[in-house]
Each structure stands twice: as structure tokens, then as C-alpha cells.
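These notes are about the structure you will find just below.
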């Protein structure tokens, strides 16, 4: 076996394993040989020109390979993926190999110029872009068809020959990161740049947003406390508080865009050009010609997809929404029953029972959200979207609509049908707190505990009692390949989105919501950090320049919250008392104020520039330079 | 004098005059010599490498020069400005000289490959980019300072040495265009592609929008007529009509974006890269270093500009708005007086007098709009914006806000303070019709008449009775240089914008508004066409891919109209009668419907793609090709 790798011997001493490839246990010899050959083959021959080493584990039949690359290969790869790095003159520029000397910290012997996460991203990109030439199928698997230009890795994945590809942790770096991130008790910012170096921009941006959002909530929380403690609502009728909240939520969302631009400019992703999007792995269809690329690839009729969306997915989503409302009505029956019980018995126990329906309902909501999530994923995958981005958009839309209704329908019902402010306050508190506790538990603590148990078992089996950092490579890979996979920031953002809903939609009824949100987010930072560092496999870095569709989702929520808060204030008895003669005047005033606030919101969003002036200048400078360069040609 | 031009003799026979340069009568000999030398000089020496010929007129002291260019020079210029043309495979591509053979209709002897308007645009671009090298001032004018990189033409213009630069009409082409455009009575579309070839994209797009908008109004007009004639409002309370109008106005604005994309893709401007924006001619400041370009140029502190905007312009605009409201109150006094007079006398004359205040007010509004326009231009120019685009944005904002209030304040007052639907209907009709008549008169017919008189005088003076096409070049230039200058599509769009306001804001009160708008627009097309072809100097073509800020303005108007229409319907006695018991229910229902309509509007705007699928595919194809080309490098 070793003989085949002899031509790699020259690299042996500086071979640094970056990415692990796990092939199926029974994978055929000829398939493995062909695949590894393609990985190490020269670019000119259609290979990826990377380095591969088999990993010999004690388990029989395991096919695990380590992938690395020479420093030169990585630099060329950085040019291919269009990485943007800082130059000696402090400007950010797209890296090219020929201009490498002008970049900060570049030296031919400095192998830290590219971070490990960047190297792994480059290798992932190169592996995914390893394309079939004239192969008609995967050698050894005649049923796994190939056609010129088809990504080999994707076909291997869908045909089950390839189990997984994942980047290796860097034990040393991870330890340092863990220490500076959550290892010591301290007040301060997260080490965002370190997180970005280790986990990539998408994850770092999530933590950046989480931190920013928590800080942004603090003013709301601070203003909310005296309202709760001293019952200030009697004096100013929550009007000040709600108005502040509404304008504040607009400001924080606009300011986030600016901060996001500053951060991603520093990281270089703001300037990164979008790559051409290939079909997602799950996409299937009849072989045809892509009208855009002119290449042969599976095509799937857009009409068929539309039919699936409108005739199956849409009715299904509506059915789920109906079911969710049905469950809500059951909850109200339970609530009524608990109240009757309390009136009959008037005991401490019956008083406690008052909270039970809300808690049960909160648990049911969480469960329904999770079950629906799987259904939505299945349906969206079945809709057979060609691009990952379009898949994501349809998934996000489905999940957002359902979760919004599922979480907030009962609150809307209580507020605007039952007009029961006391119940609203109680339900809001119960829902918010229960869902936060459940989330933290289900998301981080439970997996962490499972992971620890598993690790202990593994260690016992290996009969070694070494500490984490002393693990041999074989042991490290064996441990990591069994860890769970982190499926992206979707669920984390969703959680924040719903929390934002609890805080802003009914802010004038329960000012303490912001306080609980802040408390939750502080622990959330730690539990999410723990999750990233301890529970899951290292995820591949994904360059990104913004939080994407979530910005829109948060902005929509803040528009809806203007409407709900205005109505709630209009309904409060204190404001009611201001218009003793005419309810008509009250309603008209509320409507006028609502429209004014909405107008102010939109004007503010329009007037506040999305990028700070100095970032605008830097971008203008780069654009000017590229135009000048074009002229020179 | 002729001797200096001897080196141009070789080009004499195929010299085609494209652009006219008029220098001041007393311009110094050395200045002219230097300027013309720079124009004809080689690119390598910092010249524009164009052709120049003096035009000898019978008037003593006139300094008029004709500018042209060799076909090769124009092709190279087309590459510089980034023109996009159609290729042999029907795709649109940026023209480059090296790939010229792949373009449709290209032949070395085909001088019609570039339209005359394109040639003139190229020459204008080259002249404006003629930059000072080491000259410290314009020779002969020590007070007209220059610095390296300063546009010579702009300095000559601001120092008064250069009177004007304008493109020549092509009498033959113009005659053909006139004939197909408005020369014969016919029903059908305008020859948009011909207009674009002759006047460029900005103007063609205006006429395209005007035509589209007129067609789009026809359904509203058709539905409006029976409402007016048969008094249908008694049956469905205008609800159907207004709902249709609101959704329709959203649809037409979204569909326009798609049509705009189709048209500008065909014209190539959709794909044209934005050029780097130079400071506008009027911009002045202390010489400094531009942080973006690193070049020496005047800089002006952004804080000073902000101070001017917020401490002078903003108060001034507010004062004008107050004045406009004050005039409105006078109008209402007059209206009251006319009504009293009518009640006292009850004669035909007094009945006629009822309309007088509205007509006077309409005339006053038009006058105030025009006066304010000058003030706004002066103020915005004084704010000293560096870029033309920023100047335009501030000007448009100022003018839009004032015109909106000036035109619609009285209607809002009548509708929502006086609650007088009869007066609203009457005022709306008077304002709409009077302003349309005034506009058509002031904009086209008056200048046309003045122009004809002037032309007759000129012809008499020249003692020639030739027809238009037989004019000699000298006569043509003498005639054209005296014609008025067309200052862009601003006023034309503004007129349409206000018309859209009259039609949509109160559509449920006066369904005939759409009918009048359609009638007006049909004549507007003809009078605007007349204006372009007969009254004004030929304007330089300006490539553009959309109608810019006007799209936003129209969309905002359609959002406001949702609010006004919902309120108006809620106020109508017929709807009132539906809720006999509770006015409260009425108001709540109206508010609910309004929010629903707004939500539907936003969802529709979000769901309808801005570009049709085939244009999206073509753009994706181009992007893919350029990415592939980059990879090949």
C-alpha cells in the first residue's frame, strides 16, 4: 500500500494534515486508488495537486485519508478562491501569487500567512472542484454516473462511497482560543478575530452579532427595570418606553450593518468577489445542457419545481400553520381548566398549577418547531432547488413563517382577541423563559454531556489516559470523526430572531423581557462557544460579508413590532383614560402615531448610511484603482 | 489662420463634423491655439487625438470650431467609455477594439457601426477628460488656474472662455425620426430604438416610461369612466375601484422595472460599467489631495457642507413650505368669498366665479413651483457638492418635497380637515387640468413659437429661403447654437410624478383623473417630441440603465396613496352606512384593510423579480464567462 505514495515521500517531513477524508468501510480498492490519484494529480491533468496520506487506525477496514498541501499550492489556491488580505500599506487587496510580496506578514518561510481555517477552506474548495473528465462513472461503482464537469466529491458523497470530509482541529490553537474566549471569568468582548481565524467568517459574524445584539439590548433592559420595579407605567403609560424601543430597534439594526461592514472589511470578505455557484449536492435531474454555462449537467424543469412548491409545499405549510393554531386552542382550554381548578381549590398547589399549561405549551411549541424543521428540510430538498442559496431561501422562509406563528400566535390571540393584559404578561414571561432554558439545554449542554461520555468511553477503549493535547494524530482523528456535525448558524440565528420577537413585539407589556434576553444571551455566548469548541467537529470556514437574509428578517420583525406596540398602548387603560369622551379620537390618534413612527423608521433606515464613511472611502479607492488599472491595459 | 490646420488636411475629405465648440467672442488667440492643439494632440502627449476645424461665419469675431474624429479613433473611444454592443451570437458584450470583428454589423468600412449619438458621446467624454499636465493656468487667462489632472474643458467653461459645446443635429436622420415619431397620425408605439439612436438612452427611456405609463393608466381610465357616468359608487362604494388602483399601481411599477431591464439590455446600458465620477464643474475648494484618487484637486470640508445643508438649506425649505401653506390658506379665503358671492347673486357669472379661485391657485402653484426650482438649484449649487450625483439627489429631494406639499396640501386639507368631498373633487379636477394645460403651454408650445419666430428672423437675415435640409453647415450651426438648451429629463419626470399623485392619491374620489392623465400624456408625447426635435439644441446622449431616483419617488407615492385612499373610503357616507352602530368598528376595519393592503404591496414588490428570467439568464451567462476568463488568466 505504501508504495503507491512513494512519490509523495519528498513531502513527508513537512506534510501537515489539514483535512480528513473518511471513505466507506467497504469502499473498493480501485475507487480509492482512482480518487486519491485524482487528488494528487497535477492541475494540468485535471487533478487537485494536493497531498494525501492514508491513516492507519487499529480498526480493520477503515479508510481514512489525510489531505494537506504544499505552502506554494496553498498560496495558488488562495488566489483561486479570491482571498482578500491586508497589504503592507494597510489596504485590503485580493491576493495574487505574483503580488504576494506586497502583502503584510508575507514571507516565503512564513507558513502562518494563511490561517489554518483558510488553508482548510482552500482544500475544501479544490476538492469540491475536482471534476470528472471523460469518466462515465465512478470506477468500481457503475451505478454512480459521472459526466464531464461533474464534481467528483459530490457524486462520491451522494453515492455513499465518501462518508465525510472534515477539517482537523488544531489542538494547540483551540486551547488558546478556548482560554481567551470562555476559559476565564472576565467582562469584555469576545476575541472575534481569533474566532474568525479558527472558525471562519460566518461563525465569527454570528458571535459578533450575538455580542452586539446583547450589548444593544442592555439600554432596553436598563430602562425596563425601573418600569417593572416602580410600576412607572402609571405615570407615562409605557409610551416613552415603547417609543424608545421602536426607534432603538431601528437604530441598532442600521448600526449593525455599519459594524458588519467594518468587521468584514478588516477580514477581507467585504471585498471578496462572489464565486459562480455550482448546483448543490442533492440536486438531480435529467442530463441536459445548462443554458448559462453551456456545460452538460442535470437540468430540472422550473415548472415542475414550481408545481411542487405551490401544490405540495404551500398546502403542507398551511396545514402545519392550522395545526399550530389548533394546538394553541387546546392550550387555551387547558389554561381555562387550570383557572377553574385554582378558583375551586385556592391552594398553593393550584396556584402553581396556573403556570403548568404555559410551560407545557412552551415545551410543545419547541417540539413542534423542531419537528417542523425536519419536515421543512425534507420538503425543500424534495423541491430540488439547483442552487444552495435558493434552497436556503426557501427553507428559511418556510421555517420563519411557521416559527413566527407557532411562537407568537397565542400571544397575539391573548392580546388582541382576549384583551387580557395580565395573561399576556404571564404567557410572555413563561414562553420566553421556558424556551430559553430548553434551547440552552438541547443545544449545548445535552450534546456536551453526550460527547463527554462518548469521549470517556473512547479513551477507556484506547486504554490511554493522556490529556487532550497529547493525543496522537490517530487518536485525534478517531475522536473527531465521531463528533456531531455543526449544520451552520441557522438555528442560532433563528433563536435570536424569536427572542427579538419576544422582546420587541410586546415590549410595552413586559419590560423585563429585555432583561431576560440579556441574561440568556450572556450564557448563550458561553454555551455556544462551548458547543463550537467541544461538542462539534470543526466546521469548514465560510467567507461571508453579512448576516444575509437575517438582516431582512430582523427588520421585518421591527416593523411588525411598531404596529403591535401602538395597538397595545392604545388599549391600555391609562391611555384610554386620556380620551374619556371619544374612543374614536383615541383610535385615530393611535393610528396617526403608528404611521408617524413607521415613517420615521423608514426615513431613519434610508438616511443612516449602510457603510461608515471611511469604509466607503476605502472601497471607492479600490474601485478607482481597478478602473485605472483597466485603463492602463 | 488656415496654415495651422494644414496637418489636418489629410483628413479633410472624410471629416465629419460631430460636435460644435463655441468660444467667447473676445477669446485670446494663444488660448485658442493652445486649446485646439491639445484637442488634436496625440494621446501619448496628453491630447485627445480628435480632429478640429474652424468654422468661418459671416459674423466677425465668432470663434466656432467643429470637432470630429477618425473612424479608428472613435472605435478606440468606444472601448474607453465602455460601450456595450451586440455580438454576432446575439449576446451583448463590452466593445473592445481587438474583438471588433465579433460584433454584429461591424465592418472596417461601415461607419454606421457606432450611431452618431454614440460618436458624439465619445467625443464629449474625450473632451471632458482632456486634463491639464503641468500648466498652472489657461494660457492668456492667468486667473483661470489649472493643476495637474484638472479637466481643461470644465475650467474653460467656468472661466467663460468656452461658451458651449453641443452636438450637431443630423438633418436627414432627424427628418426621418420626426416622420416616424410624430409626423403622421397613427396609433402605435413610439420608435424607441430610433429615439435612442438619435438622442441617447436617458431621453429614450423617458419617452419609453411616458408611453408605458400612459398605457398602464388606460385600465384605470376605462374602469373609471363607468364609475363617473353611471355613478357606480353607490353600489360598491369605490372599494373595488380603489383596491384595483392600489394593487395596479404596485404592479405597473414592478413591471416597469422588468421592461426597463429588457430595453436597456437591448441597448447595452444594463451591462455598462459605472465610470469613476469626477467632481462636477461647479465644485470649488482649496487645493488638496483627494484621499480616494491620491490626486491633487480642490477639496471642500464635508462638515462645512453639512452646516450649509442643515443651517441654511433646511430652514429655507421649511420657510418655503410654510409660505406654500400660507398661500393655501389665502386660497381657501378666496374660495369662501366666491361661495358667498355665488350665494348672494346666484347668476351664471357667479357660478363661473366659483371656479376662479381654483384656477388662480393652480396658476400660482405652477409659478411657485418654478420659482422654487430656481431657488433650489441655487441653494444646492451653493452647498458645493463634489459629485454630480450627490448634487442631483439633494436637488431632487428639495424639489420633490416642496412640489408635493405645494400641489397636494390643499387637497389634503380639503379631504381630511374640511371633509368636503364635493370641493375635493372640484379642486382636484381644476388643479389637474389647469396644471396640465399650463405645462404643455409653457414647456413646448411657447418655446416652439419663440423658436419659429427666431428662425424666421434668422432666415430673413441670411436672405435665404432654403428648406431645412438644404441649409449649409454654417447656417445650420448658426441656427442651432442659438436654440435653447435641454436641461435633462428632470422636469418631465417631475410632471409625470405629480400627475401620478393626482391620479392615485385621491383616485376613489375622482375616477376621471386617470382619463385626463391619459389624454394629457398622449398629447404630452407629441409636444415633448416636438420640443426635442424642434425647440432645443440636440442634447448629448447619456447612457443609463434605469430611471434612477424616480422609481423610488413613484413607489413612495403609491405607498402614500394606499393610506389616503383607505381613509377616503372609510369617510365616504356609503361605507359609513355599513357600520350604523359603531364608528369604532369602521375605523378599525379601515385600519386593518390598510395594513393588509400595505403588506400585500410589499410582498408583491418583493416577489415579482426585477428582471425577467431570460435577462437574468443572459446576465448570469456573461458573469460566468468573465469568471471563466479570469480563471484562464
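Including glycine, each Cβ sits where the backbone N, Cα and C put it.
Per TrEMBL, the range carrying the annotation transmembrane segment out of B:285-306, B:373-394, B:395-416, B:417-438 is B:395-416. Looking at B:496-519, B:520-543, B:544-567, the stretch flagged in TrEMBL as transmembrane segment turns out to be B:496-519. Ranked by number of Cβ pairs under 8 Å to the transmembrane segment (B:496-519), the listed stretches B:212-232, B:352-372, B:395-416 are led by B:212-232. Contact between the transmembrane segment (B:395-416) and the transmembrane segment (B:238-256) does not hold: fewer than three of their C-beta pairs are under 8 Å, each pair 6 or more apart in sequence. In this chain, the transmembrane segment (B:586-608) lies close to the transmembrane segment (B:238-256): three or more C-beta pairs between them fall below 8 angstroms, excluding pairs fewer than 6 positions apart. Here the transmembrane segment (B:238-256) has Cβ contacts under 8 Å with residues 209, 212-213, 216, 219-220, 223-224, 227, 232, 500, 504, 507-509, 511, 547, 551, 554-555, 558, 561-562, 565-566, 568-569, 572, 575, 597, 600-601, 604-605, 608, 610 of the same chain, all six or more residues outside its ends. Remote same-chain residues near the transmembrane segment (B:212-232) are listed as 238, 241, 244-245, 248, 252, 255-256, 259, 496, 500, 503, 507, 511-515, 517-518, 521-522, 525 (criterion: CB distance under 8 Å, separation of at least six residues from the stretch ends).
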